[in-house]
Amino acid sequence: MQTSQKHRSAGIHRFYHQPVQEIDPYGLSHIQILDNNMYSDGGSQGAAISFQTDQGEFFTLESSSATAGFVNYDSPAASISSNRSPFSPQGSHSCISDPHHSPDTVYGSPLSGSSSADEDIILRQKLRELEISLLGPESDITDSGSFCFVSGGYQAESSASWDWNQMMEVIPRLDLKHVLLACADAVSNADIQRAAGLMHVLDQMVSVSGEPIQRLGAYMLEGLRARLELSGSKIYRALKCEAPISSDLMTYMGILYQICPYWKFAYTSANVVIQEAVEYEPRIHIIDFQIAQGSQWSVLMQMLACRPGGPPVIRITGVDDSQSAYARGGGLDIVGQRLSKVAEECNVPFEFHDVAMDGCEVQLEHLRVQPGEAVVVNFPYVLHHMPDESVTTWNHRDRLIRMVKSLSPRIVTLIEQESNTNTKPFFPRFIETLDYYTAMFESIDVGRPKDDKQRINAEQHCVARDIVNMIACEEAERVERHELLAKWRSRFTMAGFNQYPLSSSVTTAVRDMLKEYDRNYSVQERDWALYLRWRHRDMATSSAWS
């Protein structure tokens, strides 16, 4: 099966689940190049590089043979592949965290992409300073290095070398975000040797059981490797892990559902909007384009069963995909049976219709809309998986929105991650991914201990594949294509929709739900929509359309 189909399961959206500093925003002013000597044909001369710590100490790196166990750029070849995968807790190395890099200051770094040409130039200058500090000037590499592709990854031959004894002293003082950005910039420019060297540095800095940025760094590093090795289409192999059995996968879904409010935010906000929109309707047809386990509708049926005058007749059409079926251990008939039991207990007349196919494949005739029904359509973290005009002339993203509009729905609920990765080029997309998922991993961190194996498995199997897909894949293979609410608003408006104003009851319900979670979560109402926030970062939006 193609990756673009199998990958649809990945991420919290599949499983229940800053101010700009103007002075040295990337914190690289402490890296100084004291002297750089050109390599000659007859051999290498030392390139002295100074790193100044916050305590004022200086560490100077001079080119020399690397110590055993690390990469030696005097050796015949240096590969970007690592025998010690960051996806294995036993194989991950956790470095000392920067004591001055507290979670409270994460959003002081302007990681999100900027349209300013000046800011882009400054960023690349900062990254170049770090690259030179780690690997020496580009001319050193150009004069003495050569590249080849072998099975398992790119390799680089060079007479350049690092003093790994001193480098290991410096690494804990480096900022992991800065090194990730430098490596992504090297990958973006197809600078294989520079990228390979930075990857070996990152190997010493990431850990799936470390701080949030170390855990995220492990998965972003794997995405960079997969991209450089041109193996984005083999996304699961790049993750170096086998898919868990369905019962374990369901457990990991449940863990994220418990410790993160992202799916409860979707369910709670959508259900209150739907309840209000169909308050007096005798017949309701709910079309859910990502029904998962169907638990959202168990709650809504209980809510509607209590309304004055008795419950309505409810018909639910559930759209599915193969990975969701795998997770639940069977097809949509399991969901239908579960919901039928709930309906019976609530004395709600009920009918279930399954559409066991990917959302891109759904056509009007699959939905079986009947006269006299109040149609409700639910898009929970799913539309961003649909390819748009930048991927294919079919443009399923807009096609589905127009198709739903043709049903004259009473209400359409849309919940999406508030991130912008759809049409951005690789390097700005990497910056956006780093910014967004830094916040997400911090939010996950407060729910379980850092070394909790269940949390590690949940991140690895339910979030990491999204990250690797966004970094390693392009065109149809990249299925993680998030857009900001402003863009969704444009798409829905062009299809003829009007935004539906949310009542205060929706905000109140979400705020009550968030009382179960860390106080750094909040909800904000803006422009007729709700924004779920982690600290100062918008993470997800909930809006309604009619």
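Placed from the backbone N, Cα and C atoms, the Cβ positions cover glycine too.
Within the set 9-13, 14-18, 159-163, 284-288, the record from TrEMBL flags 284-288 under the feature motif 'VHIID'. Tertiary neighbourhood of the region 'Leucine repeat II (LRII)' (334-366): same-chain residues 5, 8, 289-291, 293-294, 297-298, 301-302, 304-305, 311-321, 325, 328, 382, 385-387, 396, 400, 403, 406-407, selected by CB-CB distance under 8 Å and a gap of 6+ residues from either end. Per DSSP, the secondary structure of the region 'VHIID' (253-318) breaks down as 34 helix, 12 strand, 20 coil.
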